[in-house]
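Below: one structure, written as structure tokens.
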Amino acid sequence: MKYELDKTDGHARRGRLKFERGVVETPAFMPVGTYGTVKGMTPEEVEATGAQILLGNTFHLWLRPGQEIMKLHGDLHDFMQWKGPILTDSGGFQVFSLGAMRKIKEEGVHFRNPINGEKIFLSPEKSMEIQYDLGSDIVMIFDECTPYPSDWDYAKNSMEMSLRWAKRSRQRFDELNNKNALFGIIQGGVYEDLRDISVKGLVEIGFDGYAVGGLAVGEPKEDMHRILEHVCPQIPADKPRYLMGVGKPEDLVEGVRRGIDMFDCVMPTRNARNGHLFVTNGVIKIRNAKHRSDTSTLDEHCDCYTCKNYSRAYLHHLDRCNEILGARLNTIHNLRYYQRLMAEIRQAIDESRFEDFVHEFYERIGKPVPPLNSSASKCD
């Protein structure tokens, strides 16, 4: 992987990630394909929304179908027939989500398989081996996602263990002679001094990119923004920055305002299945009765297959009847909305008018523009 930074506009960055499998224009949003599929979508349909890179889930693909089945096909790209790059998370967040079902120790995490209850073990080394077999274009280190709220002592111990796991991840990645990219994950909760230690330690180890982890786990938006403003300037400018598990359209805009290049989230696909659709001026709940006889298109500014062919009334009908097609059409639209938003962001940076775009975006959705700490160092 090669990262090229073309230009900056304030803190916002415009660039691209170059892989053997293709080019990803940044800032970029990655649809989530947890089990080797973006729910309800073929790879061709996902590509048609404008997506250039997908996210797969190491933890879930390890449990089902498993490494051996994957290797029978070649790798995850061959298994799911996605031709572009794939980033896989390490399994750390899924382990964190298991709660009382898991025991975190220095060597790794012991837990019970949520599918069949058997005892299994996941370590930094094992995560690197699984992701190697998946053929991931971007591999994420194995870390502990520090929960919120956590006191300073817990966050410190968690961050320090994640740093030790980062070294072990790097070592095993290199032993496997993996030629793809490896990203470090910055932890430390909402504590700036701990984030400082994490960034410094990861940069000393050396990675191809750096993710900001442990955010969007329940903390106030002000804390997320504060941590991003504090951490971003410390990440090497020639490396991509990835905000994990984020988020709403506003979160993408605010992340870019603070120097983030990459995002992923289940929100556009999950919300689509629940009838919550993103449009130019906000969100539409398509199952609401007011859409029952609405013959207008979902979003007149959208060029997706759904908007070009179907009315709000039809989408309302499908949703009320729990028809699978409704979930598919909604997903096509929401993913296209996210990709159009990222394209608008990239164009605004190209034209040196990103902050004007930010104000236009918030005016469209009827929300105030969050403050930006202008005293923070620029991320360029």
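Cβ from N, Cα, C; glycine included.
Residues Cys302, Cys304, Cys307 are given by Swiss-Prot as Zn(2+) binders; from His276, His291, His333, that same site also lists His333. Annotated substrate-binding residues in Swiss-Prot are Asp89, Ser90, Gly91, Gly92, Phe93, Gln187, Gly214, and among Asp133, Asp143, Asp151, Asp251 the one listed with them is Asp143. Looking at 7-13, 168-174, 245-251, 294-300, the stretch flagged in Swiss-Prot as region 'RNA binding' turns out to be 245-251. Within 8 Å of the centroid of the Cβ atoms of Cys302, Cys304, Cys307, His333, where the record puts Zn(2+), the same chain has further Cβ atoms from Thr297, Leu298, Asp299, Asp303, Tyr305, Thr306, Lys308, Ile332, Arg336, Tyr337. Note on the region 'RNA binding' (269-273): mean pLDDT across this stretch is 99. The DSSP breakdown of the region 'RNA binding' (269-273), given as helix, strand and coil counts, is 5 helix, 0 strand, 0 coil. Comparing the Cα of Ser90 (substrate binding site) with the Cα of every entry in Asp264, Cys304, His333, these being the recorded positions, the smallest distance points to Asp264. Take the mean position of the Cβ atoms of Asp89, Ser90, Gly91, Gly92, Phe93, Asp143, Gln187, Gly214, the recorded substrate site; other residues of that chain with a Cβ within 8 Å of it are Val95, Phe96, Met140, Ile141, Phe142, Glu144, Cys145, Ser162, Ile185, Gly213, Met244.
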